[in-house]
Amino acid sequence: MAKPSAVDQPDGAGLRERKTKTVEEPVKPSATSGDGGAAQTKKKTIGRTPDGTAFTVPHTRDMVSQLLSPSEPKNLSDILVLSIIGLHIVLLYLLPSYFRIPIFAVLFLSWRAAYNIGIGWLLHMQSNHSTMVLWARQTKIFVNPATGKNPHPKLYSFIKRELETKIPEDYSFEDAPIEYNTWLVFRRVVDLILMCDFTSYCLFAIACGSRPAEENFLVLILRWIVGMGLVLFNLWVKLDAHRVVKDFAWYWGDFFYLVDQELTFDGVFEMAPHPMYSVGYAGYYGISLMAASYKVLFISILAHAAQFAFLVLVENPHIEKTYNAPPPRKRVLESHAAAVTANGEEKFSRRSSDSSDMAPPPSPVALPSSTHNLVGVKNLDLHRITDSSVILIQLLFFALTMLTPATPIYQFFFVLNAAVWRLWYSVGIGYILNCQSHRREWTRHFVKFGETKEEAWNQWKGTYHLSMTLCYASFIAAAWKMYTLPENWGYGLAILKHVLGAGLIALQIWTSVSIYESLGEFGWFFGDFFFDEAPKLTYSGIYRFLNNPERVLGLAGVWGAALITSSRAMIFLALLSHTLGIAFIQLVERPHMQKLYGRGLRQDAGLVRSIKRSLPPSFKQLHGSVDRILDESIEFIEEVLDTARPKLAAGVTTFVKDTSELFHKYPARITITRIEPDVAGYDMNDYSLSVDTADCITIKDGAEDKSEVPVFEYGSPIKISWTAPLNHSKKDWVGLYMIGQNPSREVTKVSSWGRWVATNEGSFDSVLSEKGLLTSDTVVSKPDSANASANNSKKSGKSRKKSSAHEVASGQMVFSGDKLWWTQGVFEFRYHHNGKHNVMATSRPFEIRIPKFDDEHIPSHLPPNGGGFMTTAVEQALLPIVQNCFDRDPEISPQTAEEPFGCETESDLKYAKRVVYAVHQMFGIEFATEVVRADGNVQNLAWRHAQVKRREHTYSRSRAMK
């Protein structure tokens, strides 16, 4: 069934599915947007560059049409692409048969690497640093040579002719934004790589193609029919996807600019997540089937896996950053006003683990805290009895499986054990949930003994998690016992069975991960059976396409194991698992969802809607009749079970102890040293670095600090000034390092890990290098010194005229945010020459310190409800530090103790980690990052600190009285 959540957030599940980005900045129209009048402009697609420049996006043709259609104008780049494709085809016929397979395997893998690694790197750099646009600006290839600023006039004319030939309407090379022209050039590179990638793959399949000797004619026909069907389906997916997303998303246009239009996603984007990368590769397996070659199959799987890696590492991060940005933070008054709806109902998440919607710790909570999750390796906590029990049980199953022989009697008991645990996991757990749904039996049991419903919820999570582990551990153990290695891998379908089985197992793992990502911890453990506050449905993630993904895809792995083992016993277990899984959905989950959400339930998911639209009316009527018969049968079974259900008493009592161990990891010292061989032409005395000490703090923790090292507050921006000779390199840069990292004062041998700023704009291929740059190359006067003149005369052989001062270049920059070391210590700045690691100047050392909180001014004996003294004091001390942890950004940094943190706390753990470290150093209390995210503001953190201190004080008094 569809799963409920607090917010119906769009998923961005389809490949290159782009939502419209609203831009509120003033529009700076370019020359291309004014042609044709306002009426005509409305009919055209309007693009918008990152700086707000609007322009008309010309109509472009798809890759295949512009290359192969005779009606499309051709240019030199088209001829180049077609020539390279032709060379591939000629090479196939010229090579000897024994060379064809390895040569074309290498060719295809090379083009695939150019696609996934080459294009992936370019897009990653463009997304994060605008690298390709910076290259275009630095080389000035799009600047009109008539201005005298373009050093490559012939290249300019060539690119202009190439692009204007392909886009005859609504396009002017001189007037188009640099982002759009850069994208057009990038498109031509993509055309070459993609066409050669596909061509080399097809030629590799032809080289490997053969007919098995034992294959009969019927199997041959069936193999080609299925293979052609997959290829045609692949072709339809590509064409339909291009119809929806057009060239803009097909060629990753939003890495360069955005379009102002409503984007609709239907057709193939309703059928599967990331259709271009998932079902869009079905043709690979169709070609493998027609070629009847395992070589083609394995290279297809490798290419498909590389494409998914491209999606995860390149596409998804950009989509999240561009289209799924956190909503604007609500201020205190807005949050209070929106906390209650018009009907007086509080708005809480239903089946979502989003902790930002939780009530603060001091006030009553409607939903359980998600600060200590249970599912996943990253949440493993061996101090928790559930986790330690799960690990011990899995070790026990492993030992029993490995140490016992695979005799029929042991195989029988392993299969029986797996069947019993599957029955418990479906029938037993289903019975508990059904009782909880109708009579709240599980919760009432704990309330009867004075526990809260949160304790009942925690105990239920442990029970369900342990049951699920036992179910699948026993199934895996049974599969291992029933499995035997094939005697001859080349005989029959042994390899194919293992490949398909592994694919089905991977499909179940992916489905489970997708379900957990959509539902969160709350939905994974059926939280709406235990909490009733303001349910709201969500159809994000995998639920956008399927109502019950666990019904089929969620059990694909058990059939994969049955296929690999080829055992009747495993087929029985797979059939039992699937039958019980469907029964659990129909008899337990579906009735509860209907009772809770009623008509709010969606009838058909995206995939079902797409299939129904393609069915004739007669099939639709038959489908409705079958649904009615199934519903009546299920109602009858429910009535029988209700009358015959025995009373089941279930209770589990455990003591939960929450601790965490955090290890502060310092970056590894990687020596990547680049040295400029000749720096003799520069006056070393003209280089200097000075730290602005206006923001230094006075430590009030009682420690004597007799050193003259300036001290800065943790996370506060640090402003520095530099000077250099007028002829200094434009690629100079300043890095921030911890004292002791670099033993040499002449050369830096440790990476700065991104903590550096360029002295001049446009010198490096990254916009991040200029972040923090305030001024550069301001000419100032610097006093001469006798020593400096003497040293300079010895080095350069020249003498400077005697004067009281001479001119040098100067600049200012500020280090803040990710360019700071988020730890305590003593640091220094280093000025480096010409993009290398030669040190030209070093700043005065300075210290980053977090002042210790002084508990002496807090009353030692606080009444039970009198923690306000400590809470207020902690709030005042903590607020400035927390503001620094959030980079003093008004969008996410709290201005008061009551104001909530920005939504970036949820998506980026770095802010929470900074706060955790600061609290630990300031108060001696170590919280988990989940606690910071759940508390949501300084007031709640201060309240939590007061509670911990009160417990410590109570514990100390009880120890003293003994």
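Using the three backbone atoms N, Cα and C, a Cβ is placed for every residue, glycine included.
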Shared topological domain relative to the membrane, PRO212 and PHE923, Swiss-Prot: yes
Recorded stretches the transmembrane segment (466-486) and the transmembrane segment (390-410) touching, at least 3 CB pairs under 8 Å: yes
The transmembrane segment (271-291) in contact with the transmembrane segment (390-410), cutoff 8 A, at least 3 CB pairs, sep 6+: no
Contact between the transmembrane segment (189-209) and the transmembrane segment (217-237) (at least 3 Cβ pairs under 8 Å, separation 6+): no
For the transmembrane segment (569-589), sequence-distant contacts whose Cβ falls under 8 Å of one of its Cβ atoms, 6 or more beyond its ends: 1, 411, 415, 418-419, 422-423, 425-427, 429-430, 433-434, 437, 475, 478-479, 482, 526, 548, 550-551, 554-555, 558-559, 561-562, 634, 637-638, 641
Helix, strand and coil residues within the topological domain 'Lumenal' (238-270) as assigned by DSSP: 20 helix, 2 strand, 11 coil
Spatial neighbours of the transmembrane segment (412-432) far in sequence, C-beta under 8 Å, 6+ residues away: 401, 441-442, 460, 463-464, 467-468, 470-471, 474-475, 477-478, 481-482, 569-570, 572-573, 576-577, 580-581, 583-584, 587-588, 645, 648, 650
